[in-house]
Amino acid sequence: MSGHTVLVLYGSQTGTAQDTAERIGRQAQRRRLRVKVEALDTYNVVNLISESLVVFVCATTGQGDPPDNMKKFWRFLFRKSLPADSLSRLDCAVLGLGDSSYPKFNFVAKKLHKRLLQLGANMLLPVGLADDQHDLGPDGVIDPWLLSFWQKTLSLYPPPAGLAPLREEDKLPPRYIFHFLSEVPNKLTEHLQTVDNKSSPTPLRPFPAPLVFNQRVTHTAHFQDVRHIEFDITGSNIEFSAGDTVMMRPCNTSEDVEQLCQLLKLDPESYFTLTPTDSSTEVPARLPQPCSIRFLLEHFLDISAVPRRSFFELLATFATDELEQEKLLEFSSAAGQDTLHSYCNRPRRTALEVLTDFPHTTAELSIGRLLDLFPEIQPRSFSIASSLLEHPNRIQILLAVVKYKTMLVKPRKGLCSSWLASLDPSKGDVYVPLWVKKGSLKFPQDPESPVIMVGPGTGVAPFRSAIQERVAQGKMANVLFFGCRSESKDFYCGSEWQEKVQAGQMILVTAFSRDQEDKVYVQHRVKEQGKLLWDLIAKKNAFFYIAGNAKQMPTSVCDALKAVFQKEGGMSENQAQEMLDGMEKNGRFQSETWS
């Protein structure tokens with residue numbers, strides 16, 4: 001092993017950047033370099049001045065924001081007091097993961113690259129801008145970028161003479177060693193850690209909130225099962241405002257856990273402790289020590305996700321069957337990504353299903369590889385759909401249950417939505433560990449500022465929270481555009497809106513797309529209400545918000561709004577765009593969309 005160390009630091013929101021960082025780490029090991037892979041916020045940033053070689057891998061979230069696990073690092077790096085030559089000894093490179101269908105494409109990676117240059121760092125390569133929209137997905141950029149990175153790096157930091165790189169099919173050592181206990185420990189509290197009564201819940205110390213209400217709000221004849229779910233947060237110290245989100249981690253189904261135990265011949269009731277094989281690696285903070293196999297598989301490892309390319313790379317190193325090895329190596333290669341997409345991504349085949357498709361290779365897997373093979377279950381976020389001012393000690397959400405068919409026989413289900421929908425408080429106490437995170441939507445403090453909200457479908461959730469909060473504060477200038485398929489089937493919170501309209505607390509404009517021959521969407525209603533909107537925006541300094549599915553709706557609503565500016569304000573197309581850009585810059589136009 002070389003005396004040179006490559007440090008791979010990542011900022012990841014959904015786990016993709018972390019997976020890429022770990023893949024770079026394995027490539028470094030194969031090239032006989034020492035390596036450490038770490039989240040940016042767990043790394044002691046003051047040590048950066050003494051590092052020699054660092055790769056930064058970062059995603060962009062929301063409106064060009066850094067991921068949660070690099071925010072502390074981000075604030076430190078942009079301190080104005082840092083000297084211009086702080087990082088003059090550092091060789092580094094930045095790889096960004098993004099989606100060019102969003103306006104702030106790879107904004108974090110670009111800004112980080114620029115800041116590192118300002119601080120005197122020697123950039124080994126131009127910033128890598130991986131794109132989900134690329135024909136080959138992010139790997140279409142990542143693969144050639146990494147090829148250039150290793151050529152440059154190995155010329156500066158060559159491995160020791162006589163040490164050849166490890167082949168792709170050679171096994172790397174596991175990250176952790178499992179030590180099984182001969183006896184079951186007494187009285188273990190694996191599931192819920194107690195929350196300090198004086199502090200707010202965090203990802204590592206979530207609040208076990210009783211789920212007290214779970215009811216379908218769509219008509220039984222409607223294709224989509226949408227739930228109104230309520231949690232009791234009494235005694236949690238949780239505070240939140242309109243626009244904030246509630247976070248939680250789902251559990252795997254007992255059926256999937258049992259199936260994996262059978263495949264790998266594991267006893268779910270056995271207990272173990274973990275020791276890292278590298279002294280610089282720590283045991284995952286969310287795993288209790290000792291821990292049961294059942295807890296590991298049910299609460300920690302993401303066994304039902306669609307596996308990434310790295311899953312197949314690792315699996316290929318265990319293949320003894322020639323046909324299975326050939327297929328796994330193809331899936332691991334740059335040339336095989338189309339085939340992998342057809343096999344795995346398009347039909348949404350899960351990691352568990354892949355293991356059953358490769359029985360000989362699966363039989364070679366040992367338990368020590370579980371934490372290398374499967375990523376950790378990532379937290380899910382939901383817009384809070386209620387206000388503490390109207391519902392004290394409660395958090396409410398609107399949950400669309402994800403279920404769909406692909407070419408596979410078994411229907412695909414969303415892990416978190418299916419898990420939450422299955423929880424029934426009428427059959428006994430149900431607890432969901434959760435915490436709250438600040439959202440990207442900010443509502444005006446000025447009581448005179450009107451608020452215009454466009455929230456079709458479950459996109460209405462943050463606006464229900466905002467309207468409840470604003471009405472409780474005496475702010476009545478609220479306009480809501482709500483869209484759904486049918487007034488009788490999926491008009492969420494319809495009676496609540498009507499009550500508030502009757503009380504003079506809001507204006508409601510609806511678009512029921514399938515209740516007449518011509519489809520009517522929220523963007524059509526925005527155009528129809530042009531005079532009202534122009535008056536509120538141009539004369540009364542109104543704020544405009546969009547929330548919902550990121551397919552065509554946000555763009556269509558923006559186009560409709562610009563058409564209003566042109567018609568009612570007598571503007572040219574360019575002037576309308578400039579007005580919208582100005583509103584966005586001043587925080588008067590905000591959107592929160594998801595795919």
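Just so you know, glycine gets a Cβ as well, placed from its N, Cα and C.
Counting only same-chain residues at least 6 apart in sequence, those with a Cβ under 8 Å from the Cβ of Phe105 (FMN binding site) are Thr60, Gly98, Asp99, Leu129, Asp131. Residues or ranges marked as FMN binding site in Swiss-Prot: 12-17, 59-62, 97-106, Asp132.
For Ser417 (FAD binding site), the count of additional Cβ atoms within 10 Å of its Cβ stands at 20 [all protein chains shown]. Annotated FAD binding site per Swiss-Prot: Arg348, Arg380, Ser381, Phe382, Ser383, Gly414, Leu415, Cys416, Ser417, Trp594, in sequence order, evidence recorded as sequence analysis.
Marked as NADP(+) binding site by Swiss-Prot: Thr458, Ser513, Arg514, Lys519, Val520, Tyr521, Val522, Gln523. According to DSSP, Ser513 (NADP(+) binding site) sits in a coil region rather than a helix or strand. Counting Cβ atoms from all protein chains shown, Ser513 (NADP(+) binding site) has 16 others lying within 10 Å of its own Cβ.
Positions annotated as domain 'Flavodoxin-like' by Swiss-Prot: 6-150.
As annotated by Swiss-Prot, domain 'FAD-binding FR-type' applies to 204-444.
By the criterion of other Cβ atoms within 10 Å of the residue's own Cβ, the least surrounded of the binding-site residues Ala59, Leu415, Val520, Val522 is Val520. The full span of the recorded NADP(+) binding residues, Thr458, Ser513, Arg514, Lys519, Val520, Tyr521, Val522, Gln523, taken as their largest Cα to Cα distance, is 19 Å. For Gly15 (FMN binding site), applying a Cβ distance below 8 Å and a minimum sequence separation of six or more within one chain yields Asp302, Pro375, Glu376, Gln378. In this structure, Ser381 is the one among the binding-site residues Ser381, Ser383, Thr458 with the smallest number of other Cβ atoms inside 10 Å of its Cβ.
The full span of the recorded FAD binding residues, Arg348, Arg380, Ser381, Phe382, Ser383, Gly414, Leu415, Cys416, Ser417, Trp594, taken as their largest Cα to Cα distance, is 25 Å.
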